[in-house]
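Peer 1: My structure is below; once you've seen it, I'll send some questions.
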Amino acid sequence: MESLSNLGNAMSSVLSETTSTTATAILADPTEALSSVVALASDAVSKATSDVVPEHTPTSWFTIILWLLHRISSVLYFVIKLTTITTPTFLFNIFSTSLTVTMNATTLVLIMLFMMAGVTWVVRYRYLNMYSRLPPEPQRKEPAVDLFPETQEEGVKSGLASYFDEFLSAIKIFGYLERPVFHELTRSMQTRKLIAGETLNLEEEQGFCLVVDGMVEIFVKSARDGRRSSSGPSFESDDEEGFAPGRQRYQLLTEVRNGAPMSSLFSIMSLFTEDIQMHDTDDDDSPDPTPSAPGTAMPGYPMNANFQQSNDTLPSIPGTPLSDNHVMQRGMASAESLTMSPLAHDSSRIPSLSLVNTRPAVPRRPVPKRLNTTSAHPDIIARATVDTTIAIIPASAFRRLIKIYPKATAHIVHVILSRFQRVTLATAYNYLGLSGEVLQMERNILKHTVRQLPNHLRGDALDRLKEKFKRERERIGEKEVEKGIALHNAHAARRRRSAASLRKEVALQAYSKRRQSIVTATPAFGTRRERPSPDMPSPGDLLTNTQQLKSGPASQLDLARDATSPRPQRNLSPFSTPRNAHVSLDTREALDEDDMFRESVLECMFRAIGLTGNGSVNPDSTQASPRFVPTDQRRSRGGPGHTAFGFMDAFDPFDNDTESVTSCGFSSSSPVPNPQLLAHDMKDEVEIVFFPKGSVLVEQGERNPGLYYVIDGFLDICVPGDDSSHDLLQSSAKVDHGHDSATGADAFGANSSRFPEPNMNNNFGAEQKKGKQGRRSVALIKPGGLAGYVGTISSYRSFIDVVARTDVCVGFLPLASIDRIVDRYPIVMLTMAKRLTELLPRLLLHIDFALEWVQVNSGQVLFREGDESEAIYLVLNGRLRLVEDQKDGGMNVKAEFGQGESIGELEVLTESARTGTLHAIRETELVKFPRTLFNSLAQEHPNITIKISKIIAARMRAFIDDPSRMGLKDNVVRSYKSSSTLNLRTVAILPVTAGVPVVEFGNRLMNALSQVGPPNGATCLNQAAILNHLGKLAFNRMGKLKLSQYLADLEEKYGLVVYVADTNVNTPWTQTCITQADCLLFVGLADSSPEIGEYERFMLGMKSTARKILVLVHQERYSNPGLTRQWLKNRMWINGGHFHVQMAYTSNTVPIHPPTKRFGPSLKQRVQILQAEIQKYTSRKVRHVPFYSPDAPFKGDFHRLARRLCGKSVGLVLGGGGARGIAHVGIIRAMEEAGIPIDMVGGTSIGAFIGGLYARHADVVPIFGLAKKFAGRMASMWRFAFDLTYPSASYTTGHEFNRGIFKTFGKTQIEDFWLEYYCNTTNISKSRVEFHTSGYAWRYIRASMSLAGLLPPLCDEGSMLLDGGYIDNLTVSRMKSLGSDVIFAVDVGSLDDNTPQAFGDSLSGVWAFFNRWNPFSSVPNPPTLAEIQARLAYVSSVGELERAKTMPGCIYMRPPIDDYGTLDFGKFDEIYGVGYKYGQEFLQKLREQGVLPLVEETEAKKALRRTMAPRRASI
């Protein structure tokens, strides 16, 4: 109560004060009074409260609330006042005010002009000038040359490691050797030390010699005994008379260094075939001959029944002493000494491999030929230049090897024989022009392969067969007859089934049983198919494979009985006669006459190739017992090897098992079968075919499709009449071979038995040319003869043509069957090797000693710049690159060399230093042709040097006349691009990263290569194919030798080998793909990340120097602008360009990297998935179609890539000419309608514009609309007038011109163009021509169209660029340097006025003016100042144009557009129609002349190839 009283007193005092104050204030101002009253009241209340209420009481919160209410009321009051009083008052005052502005017209116009200028500036320089603000994208610089230093310099190793390295390097010539074979060959090896100057008579050395350390000079006895040569080496001192009786002179052949063999390929074949006896033909008039008694004929001479033909076999070798008596006597003496040698005694246990029957001998006169000596090194001596260590493998080691491991021996002989043909014969034939000697050997070997049919098939039976063919010929007509008529074979289906589908099963089963037999040492077969006798060939061979399938155990028992006693079975033949007692047929009544022909023909074939069946079938040796396993075999099968030479599987090109070549050693592998039984078993493999006169059965340079046995008629062995030594080394890219498989299919497929169809003289291309030039006959094959023997057995290309001289009936055995026989029976290969060694002329023998087979690894340097020129190199397979050092420290690629090309002739002949450094891009096989051999041949056979002189002269002429090499020295793109894509033999397809469908890509590329690829086909390899062929051990240490040889054989067989890296990164197969490739294709998905992939990092780690190409795979035929630049930005090693390919593929839904567990990315991914699912049902379905789909297969992207890899690209070069260039559009349309694919496009001026449109869209429809739109802009005079400026540098600013081009191309870069494209400009800052292949397309196309005076130059990296037509208006030479095979060049430039002028030594301008307007003046008008300047500017272009017209492979086109001016863009439709009409007429003429490279015609030509087309006619 006391507090309340105090409060009341306080309130009363406050009210009294307030009342007095209010009264005073009201009198002054009522408004202020109200506010003051409120303030005083508040203060009074607060004062009273503070006096009454103590601190920290609840009344303090009441004060705060009152203060807040006061503030809120103040704000509400202000807002209400603003919206109800202040704002309406302000608006009322504004709208009620009236303003009057007064100005004159000038001010108004100026204001409007300023406003328009501002808008114009914004539009002109901010919107329309967008092209000038693009981010800078300079041209991509050409990548530097990859030349990595050698990992191992020559001569660094020493001691024991060096010894083994040199030894292994020398025996590489044998191919791969398994551990037991290697041990057997080297366990009796001897070494010998030679001091400097010591001479070794190799003629007395019976073995294989090689240099381990040091250097040896190889000399040959000179054939010019009576003549002295000042330059040839001579041993005339008294100390050396013992080695040179009668002062014999010697010629230096070669120098042998570390790791090289002293023995030649001929020597090795001689060592392997010492015990093989030669046999003669079997005529009707006499039984089979045998070697005559001593004194009658020299041992080893081939016998000839036709004495009158002996003169034809004499080889025409200048200076070769074939008839010297003392030489003959010395050869006979050496032969006798050999028979008494202890080595001969050791061979007594060797199973007989004789090819001669044991009937009484009939003495015959020997055929004159090369002296047959028993030495493996005839007329050869060696002299050590320094202290030298040599190793000798004696001949006894080779004889033991034949006895123990005959299958391995056959493979080694096959390798040596193949290299002998590739190295010696091919070099002599192609490079030295020794076609006569090689053809003489072909002719002589025919006499050893004649086997006559039995008499009962020569008379009425042969007439009935010819009558069948005659009736069929009349029925089907002459056109079909040209392809051949085959006798119907009712058992063909059974043959194909037994040979293809069931062969693998039987081989695997037989192999497993054989392994069981070896391990358990028990009889191998106890099942229904058990082998009754160990005399039979081993299971899985040719006989067992087919007979087990056809006849079961009964027929096998019969076969075994026949094999053990073949002669009684012959006597039971009802067709046998005393005259032909060696031929017999089966007595089954169901055997008809056609089967008789097949069986007899096949038996004659087998006897001709060496399967006589007279060898010891059951030799008395432990090797014939199946219960005995040799020591080497027990070691090899006892577990992993304990030496560096691990046990390896066999090289079997047709089996998929992994049987070792040594596994057959215990049973002599191949007891020579009875040819009658083998023929009976394989009679369904042979075809009886009729060919009319003039048919070409085998063409020079192609692989033989099989063996031809002449039944009736005559075959002619010919060579082209103009030059008998065509280039067989390079013929693989020109001539169709006998293997049409483009996918590496099994050789025993359904088409393996089809006989090849002949090429007639009226066929396409080369056949027409040959028919016109004619052929030169070398020999005649009569009935009973064999054609294609050497080429078929050795699987090498033919040196000759085989042509039907008359209507001929032949028996044809396909190559697949021959290969199986050769693989199973080594005697076939040994027989041919023996025949070749016996018939080899002395000149070829000495060349064989001098030539060296060299194998180099990837990156290895053969010689360096400045080295002495010691040898010429010939490339067998692989790839080499020649580079030269530049002054700035870089390297410039001069050339690349592929298969069949030669390097270094000019330096060797001029004895000058090397002009560059030569290194191997990949593993390469070479022939080293030493300078010493050239000097020796030049002295004894000067005519040989003519061939090499012609090669050098032709090469220098091509170098001088090649316009592509002129003016390109300072160009950013090197001239080596011309050789970079030519003669490619291997291509590897690698993904950029995992997940790229390289297998599908490879399949599509192979499909394209089969249509437009090399004539001899292409094959595709992946890891599965390699493992299927070589087994699971294909990639180990020793397996690499086997693999490299197999890959080399494929390169020799096919024109292109495609490797597909379908494995992980760090696998041996991926490494093999990179090391074996001439060109690497990195395939990436364009929509994926452009980061460097793991495969690329792996390749960079391997330091590959091969050509590298980037292939971007798109879902649609369109590339987003700038996408390609992102891919190329970090890949400076891409030095072969890039390709855009359209291929539908399914993207990999499984992420390559494991997803992270962060919340953000996971949520984002989930939202994207939900959005995609929702849009699937809610959005309108958009039909995704490519921007352009090719209407013909040959225009597809894979065909374009295939043509580029094969060097068959078609280029289109468009010239400049202003509005006349509209005709380009019409010509392109005509080319598309004619079916001509365009792979590369180049242009100048208006040609650069039209070419850029076509390169971007690859279709004529879009370029027609865009070109017409641009022509409309250029025809507008208003745009031209608005672009005028003060003519300091040009009459226009160039803006409108830039806008027109930019609106056409946008931000697209040249790298984004679908086709490969370039344009040229004239760099007036550096006075040179420049070619542009990267950067913004609109800039360089605009620069190429910048006519001086009309448009200003375009600035690019400080240089000023003008129209490229000032230097070269038709860039054919540039297109040729890029590797185009066929070039279509369209010229639309103006023609110069060549009217003769005679206005005198001085000229009055006034007279010239009136003369121009005087219609009666007869004096021609002098040129104006502008015309003189224009002609001066195009002076160099005229010369380039004339060279382009004569460029090989260039098709020059010039439509009739001379009536149209440079600026007549308004006549678009008219000029377009002129070009289209001209293109149609011109291409129609080319089609009629047969010049037009139509794809349809190419396919038709391939359809006529006898190795590809199916059989058309069959009786």
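Placed from the backbone N, Cα and C atoms, the Cβ positions cover glycine too.
The model shown is predicted, which means the values in this text are computed figures rather than measured ones.
Relevant sequence annotations retrieved from Swiss-Prot are reproduced here:
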type     : residues  : note
TOPO_DOM : 1-59      : topological domain 'Cytoplasmic'
TOPO_DOM : 81-102    : topological domain 'Lumenal'
TOPO_DOM : 124-1515  : topological domain 'Cytoplasmic'
BINDING  : 670-789   : nucleoside 3',5'-cyclic phosphate 1 binding site
DOMAIN   : 1212-1376 : domain 'PNPLA'
ACT_SITE : Asp1363   : active site, proton acceptor
Peer 1: Sequence-remote contacts (6 or more beyond its ends) of the topological domain 'Lumenal' (81-102), Cβ cut-off under 8 Å?
Peer 2: none
Peer 1: So, by DSSP, how many helix, strand and coil residues make up the topological domain 'Lumenal' (81-102)?
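Peer 2: Its residues fall into 15 helix, 0 strand, 7 coil.
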Peer 1: What three-state class does DSSP give Arg775 (nucleoside 3',5'-cyclic phosphate 1 binding site)?
Peer 2: strand
Peer 1: Reported as an integer number of Å, what is the Cα distance between Gln700 (nucleoside 3',5'-cyclic phosphate 1 binding site) and the residue listed as 'active site, proton acceptor'?
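Peer 2: About 50 Å separates the two Cα atoms.
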Peer 1: Once the DSSP letters are reduced so that anything not helix or strand counts as coil, what is Glu685 (nucleoside 3',5'-cyclic phosphate 1 binding site)?
Peer 2: helix
Peer 1: Take the C-alpha atoms of Leu715 (nucleoside 3',5'-cyclic phosphate 1 binding site) and the residue listed as 'active site, proton acceptor' and report the distance between them in angstrom, rounded.
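Peer 2: If we compare the Cα positions of Leu715 (nucleoside 3',5'-cyclic phosphate 1 binding site) and the residue listed as 'active site, proton acceptor', the gap is 63 Å.
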Peer 1: Rounded to the nearest Å, what's the C-alpha distance separating the residue listed as 'active site, proton acceptor' and Glu685 (nucleoside 3',5'-cyclic phosphate 1 binding site)? Just drop the number here, would you?
Peer 2: 68
Peer 1: Starting from each candidate's C-beta and looking 10 angstroms out, tell me which of the binding-site residues Glu685, Gln700, Arg775 has the most other C-beta atoms.
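Peer 2: Going through Glu685, Gln700, Arg775 one by one, the largest Cβ count within 10 Å is at Glu685.
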Peer 1: Provide the number of Cβ atoms within 10 Å of the Cβ of Leu715 (nucleoside 3',5'-cyclic phosphate 1 binding site), excluding the reference atom itself.
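Peer 2: That number is 27.
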Peer 1: Provide the number of Cβ atoms within 10 Å of the Cβ of the residue listed as 'active site, proton acceptor', excluding the reference atom itself.
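Peer 2: Other Cβ atoms found within 10 Å: 27.
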Peer 1: Where does the residue listed as 'active site, proton acceptor' sit by DSSP, helix, strand or coil?
Peer 2: strand
